[in-house]
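The annotation disulfide bond is assigned in TrEMBL to 11-38, 69-96. Residues or ranges marked as domain 'Sushi' by TrEMBL: 1-40, 41-98, 99-155.
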């Protein structure tokens, strides 16, 4: 302003200004504010939830601190930091995360067995009947994170039945339609005749099915 003496205060590198930066002398020859001070710069108080910090008071520029987490917590980030010239922490302050994992997710048409989610524990994924698991069956909680991605349950696609089996099953249904043995046998033979199957083919088919069943029983 005209007729006034004006001045601006600046601090040397590593110091920050406390007070008014711009001062002027008014008509009564008085400064509008007290002379500011330059103080050695310091960073915001370091805070580590569920952890400990080595600093006991204000941390000045270039000073370093160390950080660690309480038991049952794991440090995510650097275990040290330094107060930068711009009064920020470099690298950024870390966080303490619980070593326990949260409840795992459920795959569609599946579930898991296990109720302990603490670090080192294991759960097992399974699928509902008619589905198969795609992915990792057993997962472990390691330092607050599950060690594998959520698996999926995939619908089991039945392979198409051979024509011989289809015709035989139709003949068997025809047999079951009658409670009278003679009539049931007649229906069975008539259905086989219509399908073009011979008794020899039916015999071979039944022998194959018998062998498959025996193999499953003794495997």
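Every residue gets a Cβ built from N, Cα and C, even glycine.
Here the structure is a predicted model, which means the values were calculated and not measured.
According to DSSP, the domain 'Sushi' (99-155) comprises 0 helix, 25 strand, 32 coil. Residues of the same chain lying 6 or more positions beyond the ends of the domain 'Sushi' (1-40) and with a Cβ under 8 Å from any Cβ of it are 60-62, 85, 87. The number of other Cβ atoms within 10 Å of the Cβ belonging to residue 96 (disulfide bond), over all protein chains shown, comes to 21. Listed disulfide-bonded residues: 11, 38, 69; maximum Cβ neighbour count within 10 Å falls on 69. On a Cα basis, residue 96 (disulfide bond) lies 35 Å away from residue 38 (disulfide bond).
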